[in-house]
Amino acid sequence: TRSLTITSADQSMFEKAQGEKVTLPCTFELSEEDEGPLDIEWVLIPADNQKRELIIIMYSVDRVYDQYYAATTRRMQFSNLDPKSGDGSLDILNLKAADTGTYQCKVKKAPGVQSQKIQLTVLVKPARTKCSIEGSQEIGKDVTLKCVSQEGSPLLSYDWRRVSGTQHLPATSVLNKNTGELLLKNASQEYSGRYNCVASNRVGTDECSVELNVTPPVNTAAIIVGAIIGTLLGLSVLCSIIFCFCKKHREKKYEKEVHHDIREDVPPPKSRSSTARSYIGSNRSSLGSMSPSNMEAYTKTPYSQVPSEDFERTPAQNPAFAPSKVAAPNLSRMGAVPVMIPAQSKDGSIV
């Protein structure tokens, strides 16, 4: 008895790049004995056996069901608008890395049932490849050129080539295609130039480049001596600034102390006229309170002993003046009351 048969069993593995489109074939032939309703179902079998199968799309009773998962909606569809014609192939658009897995096509029309599995691998092209230099770029040193792709499905392969000068890698170079490292031993100035790295896998390539400049070794002794001298000069300048600052600070402090002592210890000088007036006024006020009866007992003070600026000086600085005799005016004729002024004799008695 002849039954349902799947005819697209030639290719069971597909490799495509991310972002591309793939068609997973599933063609079949029906027999006269198959009289039941036709069902076509695509299922994704996860790599982990612990996870259940996911139905992606299904054709049943002349209707397509593809609204199972938002991630696959509008990206997975039947290649033929009428799958019952014998073509139940699946188109996957804008492939993603998560689409990698095993897909199974099931065709059922009672009593016949057939299925086919296809392995799909979505590869990511190398991208964001970066080149760098590790080590000292001096004559006689070992220099390593590095090349790494930030994106890309394994297995990635790296290849270096020189794009300037002889366009051949130096004879002492050692290339590791798996890690992307190019070791240049005992570098010389002839190694200088631009180097290009190509990262590749089965679905694409990506490139980057770097400029190598091998120079004579640096005189480290001169650098160290220069650094020491510069440090000493800097310290000397700093010490000079600190010394000047401290000296100026001490001078200001000394000036403030001297100015403060002068203001507290030395009273301001008095004028001669103001001193004499204050002394005479005090004596007059005292005399005004006396009566004629006790005037004789009051001590007479010579007018020549009125305080003045000369009395504030030392005896050596004051010249000796002999008291002059001045005739007293006739106060009775002037209509004034005579006032007796106390005086002191040579022996100290009051007269």
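Positions of Cβ are set from backbone N, Cα and C atoms, glycine also.
Just so you know, TrEMBL annotations never went through curation; they're auto-generated.
What TrEMBL says about this one:
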type	residues	note
COMPBIAS	271-294	compositional bias 'Polar residues'
DOMAIN	18-121	domain 'Ig-like'
DOMAIN	126-215	domain 'Ig-like'
REGION	260-294	region 'Disordered'
TRANSMEM	221-246	transmembrane segment
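Taking the domain 'Ig-like' (18-121) as a whole, pLDDT averages 89 in the prediction. Secondary structure by DSSP for the domain 'Ig-like' (126-215): 3 helix, 51 strand, 36 coil.
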